[in-house]
Amino acid sequence: MSHSHRDALFQWMKTYVYRHSETPFRLASGLESQHYFNCKEITLHPERLSILAECFIEEIIPKLNIEFQAVGGLTLGADPIAYAISLGYQKRGKNVFPLVVRKESKGHGTGQQIEGFWKDIKTCLVVDDVITTGGSTLKAVKVLREVGINVTKGICILDREEGGSENLQTENVTMTSIFAKSEFF
């Protein structure tokens, strides 16, 4: 990845994303930690999201040795990442479809748990913003696999190094992150 891209992301992570508090934060996993990473400060900001997508497309994804037709994960953390990667590939002349996986099926309309053009998709690169225990990503993987989509690799902005990547590996999903928690303190 371009060091200027990673360096810019790292500075933004330190400035906007990482927080420390003596009073623990409750994480999505249910765990508590004095260290919190709100990656929405990257994924919901146009410039930062654009740089993030370029990092994934230019450096991280080529090293994965994977062909995929779609990119997505559990809403909300994965959504902007999937959209940005999809748009980045489209600008390069390749269609990679973004998929949104709901935590549960809709209670109205078609009742779908996956949104996007997924019915002809065979392979998906799963994405998330932060991996702690891997629970959210595993949920997305299981939903995608239930409809016949093959998922073997995933990417995230930050691995909290709390067993999530290992939990995903037990389900035959190899995660690759841009950053690790230990880089910040």
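Note that Cβ sites are derived from N, Cα and C of the backbone, with glycine treated the same way.
Not measured: the values here are computed from a predicted model.
Among the features that Swiss-Prot reports, 5-phospho-alpha-D-ribose 1-diphosphate binding site is placed at ARG102, LYS103, LYS106, HIS108, ASP128, ASP129, VAL130, ILE131, THR132, THR133, GLY134, GLY135, SER136, with the record citing sequence analysis. Here Swiss-Prot flags THR132, ARG160 as orotate binding site, drawing on sequence analysis.
Geometry remark: LYS106 (5-phospho-alpha-D-ribose 1-diphosphate binding site) versus ARG160 (orotate binding site), CA distance 30 Å. Just so you know, the Cβ of LYS106 (5-phospho-alpha-D-ribose 1-diphosphate binding site) picks up 11 other Cβ atoms within 10 Å once every protein chain is counted.
Non-local neighbourhood of ARG102 (5-phospho-alpha-D-ribose 1-diphosphate binding site): LEU74, THR75, GLN112, GLN113, ILE114, GLU115, each in the same chain, at least six residues away, with C-beta under 8 Å from its C-beta.
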